[in-house]
Amino acid sequence: MSWSPSLTTQTCGAWEMKERLGTGGFGNVIRWHNQETGEQIAIKQCRQELSPRNRERWCLEIQIMRRLTHPNVVAARDVPEGMQNLAPNDLPLLAMEYCQGGDLRKYLNQFENCCGLREGAILTLLSDIASALRYLHENRIIHRDLKPENIVLQQGEQRLIHKIIDLGYAKELDQGSLCTSFVGTLQYLAPELLEQQKYTVTVDYWSFGTLAFECITGFRPFLPNWQPVQWHSKVRQKSEVDIVVSEDLNGTVKFSSSLPYPNNLNSVLAERLEKWLQLMLMWHPRQRGTDPTYGPNGCFKALDDILNLKLVHILNMVTGTIHTYPVTEDESLQSLKARIQQDTGIPEEDQELLQEAGLALIPDKPATQCISDGKLNEGHTLDMDLVFLFDNSKITYETQISPRPQPESVSCILQEPKRNLAFFQLRKVWGQVWHSIQTLKEDCNRLQQGQRAAMMNLLRNNSCLSKMKNSMASMSQQLKAKLDFFKTSIQIDLEKYSEQTEFGITSDKLLLAWREMEQAVELCGRENEVKLLVERMMALQTDIVDLQRSPMGRKQGGTLDDLEEQARELYRRLREKPRDQRTEGDSQEMVRLLLQAIQSFEKKVRVIYTQLSKTVVCKQKALELLPKVEEVVSLMNEDEKTVVRLQEKRQKELWNLLKIACSKVRGPVSGSPDSMNASRLSQPGQLMSQPSTASNSLPEPAKKSEELVAEAHNLCTLLENAIQDTVREQDQSFTALDWSWLQTEEEEHSCLEQAS
């Protein structure tokens with residue numbers, strides 16, 4: 001196996017040597033690929049020049065690696081048969097699992113991470129590395145050299161997994177190795193290691209804190225470009241709570257206990273991790289990692305509390321400000337609204353909380369209903385599930401949104417764009433300018449999401465309104481049909497009643513009741529109300545369609561995307577300059593892009609809020625129409641009940657009339673029904689008794705007529721009996737009905753006699 005810079009391809013059975021993965025002070029790491037199974041492993045071998053002590057510690061490292069089993073520590077593998085024979089020395093090879101994602105340094109060096117990783121990526125990294133360090137410390141192992149180069153990435157089923165490599169057992173820190181080490185790597189070493197003092201597990205706390213700070217901000221916390229000797233003498237002057245020692249563009253060294261901006265953390269995480277970093281970056285090892293709540297070495301438990309936070313992110317659409325709230329599993333939505341009122345001044349009853357799809361939060365569910373697992377997305381999106389806050393007391397939304405404050409160095413070049421800066425200063429400040437333009441674009445996108453959430457909510461309300469409109473129109477048609485039928489029926493009844501009054505039954509009370517029914521149904525129908533509401537809803541529908549057709553109502557890219565891409569390209573070209581061309585330069589071009597981005601942001605925000613105001617007006621109209629439609633539907637329901645009740649009453653009256661009519665035909669009846677009146681019906685036997693007195697004096701034809709009359713008399717008697725039986729049965733079935741509103745039978749007889 002050759003360790004020269006240009007590797008010659010070697011094979012060992014089915015295994016084929018691939019590229020070099022890394023080169024360290026003690027040897028190289030090479031990727032090997034099994035051509036039959038597709039398996040890949042990383043083989044590490046140390047150089048021959050190791051001292052006897054380091055050779056012994058190297059063998060010890062291999063033994064320890066083989067017994068470690070943890071998802072965040074690179075696992076040892078068996079060295080393929082025959083591969084040890086390819087080694088140029090007698091030191092054993094170390095076979096490890098191969099992680100395809102490369103190391104963390106490569107990840108941090110990506111352009112988009114120049115101002116720190118995304119929030120989701122930071123949280124997963126902190127979780128993984130803390131878990132690995134805990135495991136190592138529980139096994140009485142101190143890493144001592146934790147840095148981005150010693151953390152590799154492996155893509156898991158749901159997210160990236162971070163694994164610690166190079167446990168550092170073969171490293172001997174003497175004065176010579178410190179002087180020849182790369183400047184940057186020494187800053188991850190705890191001060192007591194640099195001072196060659198006794199150390200404990202707290203050396204890993206310092207390294208972890210430095211690593212975490214760099215992942216959050218994009219740069220190391222303490223004078224990253226200084227030489228070791230000057231660095232040590234200056235940084236040791238910091239207070240116990242200082243987590244940043246930086247040099248501004250004027251060369252002034254500043255100490256700070258605050259997490260610097262820009263970074264991609266929300267306000268709650270930034271505050272909590274700032275306090276946690278103060279524990280991890282204490283200069284004195286005995287105090288380092290001591291948490292006020294959990295005591296010595298309590299930093300891991302304190303970090304657990306941070307990682308387990310459940311956060312709700314509320315974007316106040318009135319001000320454009322994001323408010324983040326830690327919530328418990330059982331915290332109610334009402335409790336969250338009370339906290340929102342304290343921060344925003346918007347009363348609870350006026351707060352409307354919408355998710356991105358336009359769905360309102362459900363009052364009976366806990367506040368955690370809008371939280372998803374943000375750790376799974378690795379920060380590739382905006383990293384948070386936003387809930388959009390609207391003030392229902394507002395009819396229109398004014399543009400009150402301003403760009404976020406710029407970092408100090410960016411503000412400096414905005415004032416002096418022609419000022420020449422050193423290359424390392426340009427690299428940092430240009431990265432911050434690009435990040436500022438990215439932030440403007442993301443803030444604009446969030447506001448656009450809020451406007452679209454309001455639009456989606458409007459469409460949901462409009463859909464509900466449309467369904468109610470269709471139901472109202474259908475009910476109106478059905479009611480109209482019933483009313484028309486009833487009016488026609490009552491009109492026919494009145495006409496027929498009028499026709500028979502001369503020879504039939506009359507009742508002023510019945511006539512009055514029918515007239516009152518006719519007047520009562522004239523008040524039913526609600527046709528005018530329905531017509532007016534339909535017209536208003538159609539006008540609203542037109543406004544909503546216009547909103548949807550408007551270019552402002554659709555998600556769009558535009559100038560901010562173009563400016564962000566131009567800034568990225570400028571930054572990329574700066575970083576990729578050859579070392580001999582990394583000279584001083586000004587920032588005029590970057591400043592021009594930033595100023596254009598700010599102008600574009602302000603213009604887009606005005607457009608978004610114009611659209612939002614129109615959306616709110618339409619929603620207000622929809623909300624005003626909903627109860628009116630419900631009221632008309634309710635009134636039509638009552639009208640329908642009224643029509644049914646009147647129809648039932650009318651039917652009962654008709655049956656009562658039939659009863660009265662039947663009671664008048666109990667005696668024999670002669671002649672046609674059309675020729676009978678009440679007085680004649682009252683003397684059914686009178687006609688039949690008259691012909692018998694002169695029957696003997698009649699001629700033969702007259703006798704036959706008399707026989708026919710007698711026969712008719714008998715038939716009338718039979719009919720009278722049948723009618724009486726029928727009336728008796730009807731009397732029994734009608735006894736349960738309330739007939740108090742009609743006249744009694746005696747009153748009816750009296751009226752009939754008077755009429756005759």
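Each Cβ is built from the backbone N, Cα and C atoms, and glycine gets one as well.
Swiss-Prot marks one residue of Ser181, Ser246, Ser489 as phosphoserine, namely Ser181.
For the residues Lys163, Lys509, Lys604, Lys614, the entry in Swiss-Prot flags ubiquitin cross-link at a single position: Lys163. Per Swiss-Prot, the stretch carrying the note region 'Disordered' among 547-586, 667-706 is 667-706. DSSP assigns Gly27 (ATP binding site) to a strand. Leu21 (ATP binding site) counts 19 other C-beta atoms within 10 Å of its own C-beta, drawing on all protein chains shown. A straight line from the CA of Leu21 (ATP binding site) to the CA of Asp145 (active site, proton acceptor) spans 18 Å.
Ranking the binding-site residues Thr23, Gly27, Val29 by how many other Cβ atoms lie within 10 angstroms of each Cβ puts Thr23 at the bottom. It is 17 Å from the Cα atom of Asp145 (active site, proton acceptor) to that of Val29 (ATP binding site).
Mean model confidence of the region 'NEMO-binding' (737-742) amounts to 51 (pLDDT, 0 to 100 scale).
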